[in-house]
Amino acid sequence: MPTYTVTVATGNQWFAGTDDYIYITLMGTGQCSERTLLDKPMYNDFERGAVDSYDVTVGEDLGEIVLVKIEKNKYWVQDDWYCRYITVKTPGGEYLEFPCFHWLVDEKEVVLRDGRARLCQNEKTMIAKKHRQQELDMRRRTYKWQEWQPGFPMSIDADKHKDLPRDIQFDSEKGVDFVLNYSKAIENLCVNQFMHMFQSSWSDFADFERIFVRIKNTISGWFPGYINQSRIETTSQSSTCIFLNGCNPVVLQKCTKLPDKFPVTHEMVAFCLERDLTLEEEIELTILLHTSRPLFLRRVQAVKFRGACNANRPRRLSQVPGENAPIFLPSDSQDDWLIAKIWVRSADFHVHQTITHLLRTHLMSEMFGVAMFRHLPAVHPVYKLLVPHIRYTIAINTKAREQLICKFGIFDKANGTGGGGHVQLIQKAMKTLTFKSLCFPDSIKARNMESVEELPTYFFRDDGNKVWDATKSFVSDVVNIYYASDAVVQKDEEIQAFVKDVFNFGMQASESCEFPESLKTQEELTEYLTVVIFTASSQHAAVNFGQYDWCSWIPNAPSTMRKPPPTEKGVADVKLIIESLPDRGRSCWHLGAVWALSQFQENELYLGMYPDEHFIEQPVKEAMKKFRKVLAGISTLIKLRNQGKRLPYYYMSPDKIPNSVAV
């Protein structure tokens, strides 16, 4: 009688093993095996990390094995099980791989295809076509869209982390409990004694420096010199680094003409123009406009002049000209100039947290992920390509909506945009968010920031371009393996449905977003998938993991300002500045937040790492190997460039870029 050898691999994560009964059914083109219990006498099957083999004997040869069905039945109490993969050795000696990477919960079954990726138009058997459709039908019932707030990109229909499908939950929910993590961070940073001192101001800037003894690092320890009025001469280098290579390096743009109704005159800034040129002549040689414009009652503007001392930038704390909206200059009093700089940094902090970070990486990645689950079955090559880059993203966002950005959440406790301001910021930013703005080279060009000669130290741009090109080359290699022509792309109903769902539901059919509703060429598909992967990995890393470095020095990134900005010159003093900065309690929440958000996940997977082998085809494995080699080369170049630098830039180094948005 023919015997098939079945090998079953259990996951390595916590609680992956099970004591429940596991059954298997082999489904071939000829017939199916009987439902067979996988059990070895006197042996503890399916323990965490185990790889166990079993014999399945049948009456006749089953033909080509098309599907493998796994069932889990309760032994004593329900005991979830995580199956990594199953292999089947046929009586003829052929090995078949069936990737799983699923949790089996309750008494639900999982039906697996073999690991070869297939497009929907290439299916030949009715059993395969039926399975494909059944999987998508189930997914659409499980992964539903929800509008969390009006004007937001759509997200998963789940109010709490525990409501999510088990496959996309964190392995341990404690690992992403924001309140627990922030409280732990505050204790570790030795500032927990200030936790409940809301409304209690710090005494002076020296207070901030004293708490920095415990939390100092390479970059944050350098900030007292940036903000402290007694050392204001260091601000030129500091200001340039913050806006070019800090954690919000996407807000500077080159202007070719002065903005309309621009209130800064040549006379105001003549003292800081070093080339004896007029303001109008300087604009021809490059002016950079800082475009952080959060929805404060009073908005903040700053102008950077290339060729001038970068510290000497006029600041206006209101966009409405008039007597109550003075333009602050470095020639004003030290306190006036200092509070103007602090307001600019506070504005930039809110734009970064809410738009650059939350909206443009977290929410965008979740939107792509939900559409992927709804329209791409596990056998689809694009599903296999994208799923590592969606890992834990929906979970972290759901947890954020549950604890972080919800009403009375941590945002409300610590941030000036709490209480609904962050919602307004995203609603406004969504009106200008376009697909091309997520394409890294296009976003750089749109801000006229591509010239290395004009900006030789814009490392975010330089490293980002390298990683974008490497990612796009890898995606192109994979696309070309499965899509032989543009016509194949056009005939792929599932990929077209995925793209259309992103536009119609994710972006709510907003015409201004310019997201494609369909893809017609291999090149369009390659760019689209590169956007998904780059947004979830490299872009997120660039704007997330520097938060502790750049934002833990409170005066450099105030999460809230407790006093309104001055409406006239000469009124600012140290007392007003200290009373404007966050109080002790909110400072603690802020410190805990930026520390926790800057930490890598335990067992983090970095760009190019694919331990879950969704692909079994050798050409794809070769493409992955080539990708890793290119990424390693980029990491080496970045490491060499950083040697000896007081302020190294490493946020776009591939060895520090996680595969997905998971923090």
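Cβ atoms are placed via backbone N, Cα and C, with glycine included.
Among the features that TrEMBL reports, Ca(2+) 1 binding site is placed at G17, D79, D80. Per TrEMBL, Ca(2+) 2 binding site is recorded for D39. For H357, H362, H540, the entry in TrEMBL reads Fe cation binding site. Per TrEMBL, domain 'PLAT' is recorded for 2-118. Under the heading domain 'Lipoxygenase', TrEMBL lists 118-663. Annotation comment: TrEMBL describes W103 as site 'Essential for stabilizing binding to COTL1'.
Feature annotations (TrEMBL) mapped to structure.
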| residue | record | Cβ contacts under 8 Å, 6 or more apart |
| --- | --- | --- |
| G17 | Ca(2+) 1 binding site | T10, F46, E47, R48, G49, A50, W81 |
| D39 | Ca(2+) 2 binding site | Y21, I22, D45, Y54 |
| D79 | Ca(2+) 1 binding site | T18, D19, D20 |
| D80 | Ca(2+) 1 binding site | F15, T18, W103, L104, V105, R166 |
| H357 | Fe cation binding site | C247, H540, V543, N544 |
| H362 | Fe cation binding site | T393, I396, N397, A400, H540, V661 |
Secondary structure of the domain 'PLAT' (2-118) by DSSP, residue by residue, totals 0 helix, 59 strand, 58 coil
Using the recorded Fe cation site (H357, H362, H540) as reference, state which further residues of the same chain have their Cβ within 8 Å of the centre of those residues' Cβ atoms, listed in sequence order.
T356, L358, R360, T361, S365, Q539, V543, N544, V661
Within 8 Å of the Cβ centre of G17, D79, D80, which other residues of the chain have their Cβ, at the recorded Ca(2+) 1 site?
F15, A16, T18, D19, D20, F46, W81, Y82
W103 (site 'Essential for stabilizing binding to COTL1') has how many other Cβ neighbours within 10 Å of its own Cβ?
22
